[in-house]
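Visitor: Before I ask anything, here is the structure I am working with.
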Amino acid sequence: MTSKAVVFAYHDIGCTGIEALLNAGYEIAAVFTHADDPRENTFYASVARLCAERGIPLHAPEDVNHPLWLERIRQLRPDFLFSFYYRRLLGAELLACAARGAYNLHGSLLPRYRGRAPANWVLVNGETQTGVTLHRMIERADAGPILAQQAVAIDPEDTALSLHGKLRKAAGALLRDSLPLLALGVLPEVEQDESQASHFGRRTPADGLLDWHRPARQLYDLVRAVTQPYPGAFCQVGEQKLIVWSAEVVAGNHGREPGSVLSCDPLRIACGEDSLVLRFGQRGERGLYLAGTQLATELGLVEGARLRGAACSPQRRTRVLILGVNGFIGNHLSERLLRDGRYEVHGMDIGSDAIERLKADPHFHFVEGDIGIHSEWLEYHVKKCDVILPLVAIATPIEYTRNPLRVFELDFEENLRIVRYCVKYGKRVVFPSTSEVYGMCQDPDFDEDRSNLVVGPINKQRWIYSVSKQLLDRVIWAYGQQGLRFTLFRPFNWMGPRLDRLDSARIGSSRAITQLILHLVEGTPIRLVDGGAQKRCFTDVDDGIEALARIIDNRDGRCDGQIVNIGNPDNEASIRQLGEELLRQFEAHPLRAQFPPFAGFREVESRSFYGDGYQDVAHRKPSIDNARRLLDWQPTIELRETIGKTLDFFLHEALREREAQA
């Protein structure tokens, strides 16, 4: 019986995949592709033209995961889905449309080089082998079981274009051999070895900047990885851009400074190790393709001149304003941005205990203050900085019922003032929404663009936080329609060191895990609200901060006007399970003998713990399709590891408190 397929394809490997399916006897019910981007050099064959010539129904929707398209695909009743170099991630609902599975052809030997542009990355990294992989698609990008692979040798002279040609031939051969076996159901699957996995993100033209302090071999690899039809490697000669299309490595650099012109015929440049001969290139985006010697003449180069590359190109750091910089997200994010080397961080908070380690950094600027009082400083720094993160909020459940008006005043009114400053001065705002905006949504996975936001009755004041955040989300979205650049991110139960303080837990104003650890530290029963049956998806702060840093980076403006869940759907656990794992690790911890015996678990009602205005939700699980698609991001840290390092941090804090009181 003929197998029916729905295909998602782009590029000439998309054409290769379609041809292979037809040759293997598959019925193609529909093909989904992308409209060509006029800004992109489309050197590859057209899926649209092939489908038109073959009479195959073709679509190019903006969002193939939209419910309308999902329903149309379900109506086709496909046996298989295939993705051949399609550029968007297929969501879980879409993958489930195929009766016999969904499969992707990836341009590397998985699990290595997951992600974008693998053919370019293997050349940048000087690899000698790559290949193609046919694998089953799961929610995580490029992570499903492998059905078949074919290796491709990378020659020292290969460029991205020549390697692409090799991969296209390998893909054709692999699909020719594999597709008939897949239709028969006799193609075995092998799980990927996660310990061998590597992930690479999308490349942009700016990534072609040459750093002459690097070894010549690395620069040669960069040149061949991004040469035509890609934008090319480049450097600066005075105020002019020099694009390098072809180069070769020559031993030695005469002991000269990196970037120095060693000769003009040939045009030879000193590198951190050895030197690079620029064989062909052009001056500026519209210049002629010239030999290196003529380029030297055109650019007025002489022996001893210096070319500017990545190491000596002056570029102002992006100024990021973090309000609430001493908080859990703020201090971890500041550390990550400063480590990156491209950012200058300005911060305000009412304390600084969590950021003492950062104060010595010359690119970190801190002022102790209150956003509700220091309005002139606040407005000035919104005007001065490039990206604004208002992280100041009351975000602990007991305060929602205990101080609802204070929650509204700070979380909504004060933050609205900051948003309006961003509108006034044309600044980009990265705003922390919350997973709580989904409220009592019944969807199995909470989707940023489709899930309903459901809250309880007015007399349940715990929803004041959720609706304050939701209203700000809607205000920001409306300002976005008038030109405000924004991204909304929704953290799902981030955990890790410096989450909050044991003192906060003592007055009930902390996150759940801190409360649980406090009971272990003090030898009191662990209180499980309503039995601890509530499920959450816990996210390691390092995973979360990496996603947030990519939002701030915002390559190609991909995050503008977007809402992004940042959570780990694989780390779902009930509060009881969280407590049990904490107890297991606590009993095995080297510091265990310093603390009292475990006092057991005690179930309590939410009303007695939080007050009359509380109402809980049974589960809170994110869809992270947007994060995968926009950020090339995937959480990797397991819950057990996150619990371990969070516990270790608080146990050491407890001992420091004890020593200070002695």
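A Cβ is built for glycine as well, from the same backbone N, Cα and C atoms used for every other residue.
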Visitor: Of the candidates Asp349, Asp353, Asp386, which does Swiss-Prot annotate as part of the NAD(+) site that also includes Asp370, Ile371?
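Guide: Among the candidates, Swiss-Prot records only Asp349 at this NAD(+) site.
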Visitor: Who sits close to Ala141 ((6R)-10-formyltetrahydrofolate binding site): which same-chain residues at least 6 apart have their Cβ under 8 Å from its Cβ?
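Guide: The answer is Leu89, Arg114, Gly115, Arg628, Asp632, Gln634.
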Visitor: For a quick check of packing: other C-beta atoms within 10 Å of the C-beta of Asp142 ((6R)-10-formyltetrahydrofolate binding site), how many?
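Guide: Around Asp142 ((6R)-10-formyltetrahydrofolate binding site), other Cβ atoms within 10 Å: 23.
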Visitor: In angstrom units, rounded to an integer, how far apart are the Cα atoms of Ser435 (UDP-alpha-D-glucuronate binding site) and Asn104 (site 'Transition state stabilizer')?
Guide: 31
Visitor: Taking the Cβ of Ala395 (UDP-alpha-D-glucuronate binding site) as centre, how many other Cβ atoms lie within 10 Å?
Guide: 22
Visitor: Restricting to the chain of Asp530 (UDP-alpha-D-glucuronate binding site) and a gap of 6 or more, list residues whose Cβ falls under 8 Å of its Cβ, or answer none.
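Guide: Counting only residues 6 or more apart in sequence, the Cβ neighbours of Asp530 (UDP-alpha-D-glucuronate binding site) under 8 Å are Glu603, Val604, Glu605, Ser606, Asp616.
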